[in-house]
Amino acid sequence: EYRHPITVMVLHVPVENDSGEDLKLIEGTESSPFINNTDHDKGNLYDGKNMALFEEEMDSNPMVSSLLNKLANYTNLTQGVKEHEEADDEEGPARSKKPVKSPALGTLIGVYLPCLQNILGVILFLRLTWIVGTAGIMESLAIVVMTCSCTMLTAISMSAIATNGVVPAGGSYYMISRSLGPEFGGAVGLCFYLGTTFAGSMYILGTIEILLTYIVPSAAIFKAEKKEDEPEALLNNMRVYGTCCLTLMSLVVFVGVKYVNKLALVFLACVILSILAIYAGVIKTAFEPPDFPICLLGNRTLQNHNFDQCLKTMKVGNVTVTTKLWSLFCDSPDFNATCNEYFTLNNVTVIQGIPGLTSGVIRDNIWGDYGPKGMLVENKHQMSEPAADTSQDIYMPYVANDITTFFTLLVGIYFPSVTGIMAGSNRSGDLRDAQKSIPIGTIMAIATTTFIYISSVILFGACIEGVVLRDKFGDSVKGNLVIGILAWPSPWVIVIGSFFSCCGAGLQSLTGAPRLLQAIARDGIVPFLQVFGHGKANGEPTWALLLTGGICEIGILIASLDAVAPILSMFFLMCYLFVNLACALQTLLCTPNWRPRFKFYHWALSFLGASLCVSLMFISSWYYALVAMLIAGCIYKYIEYRGAEKEWGDGIRGLSLNAARYALIRLEEAPPHTKNWRPQMLVLLNLESDHTVKHPRLLSFCTQLKAGKGLTIVGSVLQGTYMIKEDEVKKAEQSSMATERTKGFCHVVASSNLRDGFSHLIQTAGLGGMKHNTVLMAWPGTWKQSNDPVSWKNFIETVRETTAANQALLVAKNVDSFPTNTDRLGEGTIDVWWIVHDGGLLMLLPFLLRQHKVWRKCKMRIFTVANMDDNSIQMKKDLQMFLYHLRLDAEVEVVEMHDSDISAFTYEKTLVMEQRSQMLKQMQLSRTEREREIQSITDTSRSSIRRKNQTGASGSESDPSRQLEGTQEDEVAQLIHDRNTASHAALNDKPDTGPDRVHMTWTKDKFLSERNRNRSEVNMGVRDLFNMKPNQSNVRRMHTAVKLNEVVVNRSQGAHLVLLNMPGPPKNRSGDENYMEFLEVLLEGLNRVLLVRGGGREVITIYS
């Protein structure tokens, strides 16, 4: 792939202060997108003149020289150190601090050895031989290859993430949360915490198992008198000693972590010496196998704790006597005693437990030998006579399976032996070059441990007898650790080494887990964990340690290493799954910030690793996998519900953006089908002077109508210019959405007048296929009381624009009486008055409302109007059939409107309406006259100012009288601008353009003559008011409004909500005010009304 070289040129400009000294940079904090910000530098850094062109932007865009200086001086502190220093600051600023040493750990000490120590552990020493014997060499290799491939692929993904910028100390939690967002980060962070905590339980159980089984078996508190009671006694001992060990380790961690860190080298040495001792023992078996005899009865392996010689009888002198083995199977030491049938039929045989590397035993161990709990460990190649009665076998000293074994169980038990790959990234703060050391050290450690595990599986199968491998606790070799008998020079090397290794691993888990929980708590994304962010004065996480100890105790009470191992396998696999997903997601999204220095990664490898993690989870234990996913899912939804206010530039946001873009492009390909149509709302809100919502119930109604589905855009307009109103616009957006917790988008625009602002919203709100198709607004209830016609003219123009844009319109009257989202309306009705069909929106809206709990108990009634020549009975049947096909449950009523003469009331009401309209027009003319007077005064003032400016052109620039005149001119100009802006909409709506519409400088004579002409016109208009007759078209419309209102009020006055077809505005704009009066009469006497106007398309269908 060809890449263009990029040359970066840095301009260095010396900046000096007044005294000529170079300005010194002040150390910043890590709060900006760059590593250190320049908040302290604003006052004195840019006093020079060389960069004056950029000085106004210096606060947000620092000079490159200062930025590079801070980058070079950056120090990444160790995890915990920064918190401790902050605690010291709180104690007192004068307190002396030791200088923090710069990190100096390389790849070997900082990453490779810690990973090696964390990966190699308790499973290798206590369970690997048993896994090889039970699963066989081939299936054991399959387990090792699967698990190590999973961790290797995860390490590759982790290396890519870790080298994509500076990784503060925090390990996998930091990487996942910053890559996948706070929801996934919190869920996976807590899973990783639980995994680390249960790992502590597993290490403590391993420590106690080594102590009680192989070092001091006599220390057991609970002793089994019968063989069948031994497993229960062992578990009880593990619980008691495990609790004591946990308490002791917690105290050590509480007193001081530094002691744990000092012992880390000792624990690492124990692990390495133990591994070397195993390899040395394997080499020694090739030419001198150790002597560990195994006693077989027939083909059954015997526990040789209670006898010395593998004989039924033996000669002492010349007398044949029975042995201790005889006493175990017979009721007395006499030869005529009653013995176990199998003991009588079969002879005892002695074989070597470790035949050696060259013995060919590898052929017997190729394949596995699974079985149920209690199945005896047998050598298939030995001859035996089966007994008829096997009921007594469980009481005999045979070696038997303590649990039911199968392949998937062994995967879950083995997986913890490959965890620990995050040890390097957890120590990233201590590394000299984390971006170089983490990939190399982690991958090398995994490669080394994979080689150790694969070679161990093969060598164990090649050196050790199969019955010994399947003997989990070494009962057939006098209670020795099976891997210990292979080691050179002594089994005690492995026993002591593994004991200290498990102790160290347990201490490190109890040290790391509380700090991880503290980091999650301090991030503030999981509110109920806030208390665990606090600790001792130096930052040690005391409360987190207590919780960790409590959860760890749960694992110890389980008491079985084999039962705890699959639990922590789930949590670690969950963590690795999301590391792989994070890398794959960032790679596929190609985000601009995704530039890892580690280049050997690919999204396909990450997806393969994620798939392997999921597969291993369900292979190991499907029910544990479901529980782990349920826990992670609950945490995710909790963080999402509480509203994580963190923005970390995570990949999920990028994925959402890409998905949204793709969906929007697909939506553009074709308009939505009628079956998919739902109201996508644009809610037009009016704001008070303090930017609070004037009608908050409008948002409540929108929420009830949407029920959380579809698009909601809340739109508002502020009068003014955006440059001046920018802060107010942002504040208004926040308050608009917070009023009723509406889910959707807010769009507040600044415009010179409300009319244009709402027009812009209707035209431009939404994007692509996600544009609104319905406008919701409140009825202008005070339009009659207002002297300014702007409010109702804006309303009518909005109705016209929605019609022109083919958008539906919903107008809520008396919106402040609508129910809130917390109200529950009782039994009642939603009445639909279906007068004209304009797309079926009237039918759909009540159905949508009844989906919400506020309206759920309401019944739907549909009224339609029949004229005298209509068949009302047939209309009712047709309407019922139509509703049946629409699958809507509603009562149907057909209301007949009889032809009647126009009443005197209607005639008089129309006359009053027209007289009022005419009077307002005369008042408007008077207002126009006053505006002309202001214009004349302004022109006179401007000509006077212009003359003064010409005569005083040679005066001083700082003349105070001239500045005053300029100020007066600005004030007058502003007055005229404001006046013209306020009357802009009213003036533009006049259809005729007479001489009063021409703006010009008026002469005094022309002004006086024009004023007298207008006054005479006004006087004539007032006289005509009392002689006028109403327009017949207006009378008919008023008649319809009055009659329809009577019918609606009669039938629906008690309804919870009335939905009514909204008649369209007149085509002739001179009748706009009459239109408002008609609507007012139509809605008179009704409480909650929703006027509905369709968008010109069908929105409901009878088809499936």
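Cβ atoms are placed via backbone N, Cα and C, with glycine included.
Those TrEMBL annotations? Automatic predictions, nothing curated.
Sequence annotations record features per position, and here TrEMBL assigns transmembrane segment to 105-128 (among others).
Under the heading domain 'Amino acid permease/ SLC12A', TrEMBL lists 111-283 (among others).
Per TrEMBL, the feature transmembrane segment maps to 140-163 (among others).
Residues or ranges marked as transmembrane segment in TrEMBL: 184-205 (among others).
Using a Cβ-Cβ cut-off under 8 Å and counting only residues 6 or more beyond its ends in the same chain, the transmembrane segment (238-257) has close neighbours at 200-201, 204-205, 207-209, 211-212, 221-222, 503, 506-507, 510-511, 514, 540, 542, 545, 549, 552-553, 556-557, 559-560. The transmembrane segment annotation in TrEMBL covers 238-257 (among others).
Here TrEMBL flags 264-283 (among others) as transmembrane segment.
Under the heading domain 'Amino acid permease/ SLC12A', TrEMBL lists 401-682 (among others).
Taken from TrEMBL, the feature transmembrane segment covers 403-423 (among others).
Residues or ranges marked as transmembrane segment in TrEMBL: 443-469 (among others).
What TrEMBL records for 481-507 (among others) is transmembrane segment. Within the chain carrying the transmembrane segment (481-507), a Cβ under 8 angstroms from the stretch's Cβ atoms is held by residues 117-118, 120-122, 124-126, 128-130, 199-200, 203-204, 206-207, 210-211, 213-215, 245, 249, 252-253, 260, 263-264, 266-268, 270-271, 273-274, 277-278, 280-285, 290, 292, 353-354, 460, 463-464, 468-469, 471, 474, all 6 or more beyond its ends.
Residues or ranges marked as transmembrane segment by TrEMBL: 543-561 (among others). Taking Cβ pairs closer than 8 Å, the transmembrane segment (543-561) reaches residues 122, 126-127, 194, 197-198, 200-202, 204-206, 209, 235-236, 238-239, 242-243, 246-247, 250, 253-254, 413, 510, 513-515, 517-518, 521, 531-532, 534-535, 567 in its own chain, all 6 or more past its ends.
The transmembrane segment annotation in TrEMBL covers 567-588 (among others).
Residues or ranges marked as transmembrane segment in TrEMBL: 600-625 (among others).
Look at TrEMBL and you will find 696-810 (among others) tagged as domain 'SLC12A transporter C-terminal'.
Marked as domain 'SLC12A transporter C-terminal' by TrEMBL: 815-950 (among others).
Among the features that TrEMBL reports, region 'Disordered' is placed at 922-969.
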Segment-segment contact (the transmembrane segment (105-128); the transmembrane segment (567-588)) at 3 or more Cβ pairs under 8 Å: no
Remote residues contacting the transmembrane segment (140-163) - C-beta distance under 8 A, at least 6 residues beyond either end: 131-132, 172, 175, 179, 407, 410-411, 414-415, 417-419, 421-422, 425, 428, 434-435, 438-439, 442-443, 446-447, 449-450, 453-454, 457-458, 461, 573, 576, 579-580, 582-584, 586-587, 596-598, 600-601, 605-606, 608-609, 612-613, 616
The domain 'SLC12A transporter C-terminal' (1027-1104) - residue tally per DSSP class, helix then strand then coil: 36 helix, 10 strand, 32 coil
